[in-house]
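According to TrEMBL, the protein carries these features:
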DOMAIN    12-150  domain 'Fatty acid hydroxylase'
TRANSMEM  6-25  transmembrane segment
TRANSMEM  57-76  transmembrane segment
TRANSMEM  82-101  transmembrane segment
């Protein structure tokens with residue numbers, strides 16, 4: 001096998017390793033800790049409103065993932081006898097996997113789907129948000145949810161009106177017809193102090209928001 005092919009295999013391996021880390025971090029470091037620690041706290045705050053805004057912390061996370069990829073995967077690969085280019089390819093696959101996770105996650109919250117993959121990703125991810133926060137922990141792929149028994153695929157995804165994604169509804173807050181087969185709105189669009197407190201409490205308990 002030529003070195004170029006080994007590099008390709010290593011890159012894919014690094015990406016697959018990231019998808020497993022994505023699942024484990026999301027399930028255990030973000031949800032199971034119930035808000036203990038900055039990663040869990042920030043993630044569960046995201047569940048309170050289900051909105052997405054750019055946070056400079058993402059840049060630090062990107063740097064951290066890159067450093068982990070270089071500091072862990074390159075030495076391990078070298079110890080296993082891999083060349084420097086092959087070892088670096090593993091780290092690159094890991095880091096780029098994280099980049100695409102952040103990219104696709106942000107787009108899921110901000111813009112409507114444009115194809116089969118983006119349609120699947122939104123259904124999968126928003127069932128996690130609004131239907132069962134302890135299911136569908138994979139964001140970019142569903143393999144690990146299937147492996148670990150946390151995959152759920154409802155016929156339609158329930159979405160509380162007060163938490164509806166901006167691309168999902170029209171100006172009057174009603175579900176756009178093109179999404180009627182995949183989503184259903186429940187409850188009221190009104191969100192008072194009581195609803196906000198309840199949403200926060202349930203998010204930090206990794207429970208679905210009420211209607």
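The backbone N, Cα and C atoms fix where each Cβ goes, and this holds for glycine too.
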Residue counts (helix, strand, coil, in that order) that DSSP gives for the domain 'Fatty acid hydroxylase' (12-150): 104 helix, 0 strand, 35 coil
Beyond the flanks of the transmembrane segment (6-25) by 6 or more, those residues with Cβ under 8 Å of it: 39, 69, 73, 77, 82-83, 85-87, 89-98, 101, 137-141, 143-145, 148
Beyond the flanks of the transmembrane segment (82-101) by 6 or more, those residues with Cβ under 8 Å of it: 3, 6-8, 10-19, 21-22, 61-62, 65-66, 68-70, 73-75, 139-140
Residues from the same chain, set at least six apart from the ends of the transmembrane segment (57-76), whose C-beta lies under 8 A from its own: 14, 17, 42, 84, 87-88, 90-92, 94-95, 98-99, 102
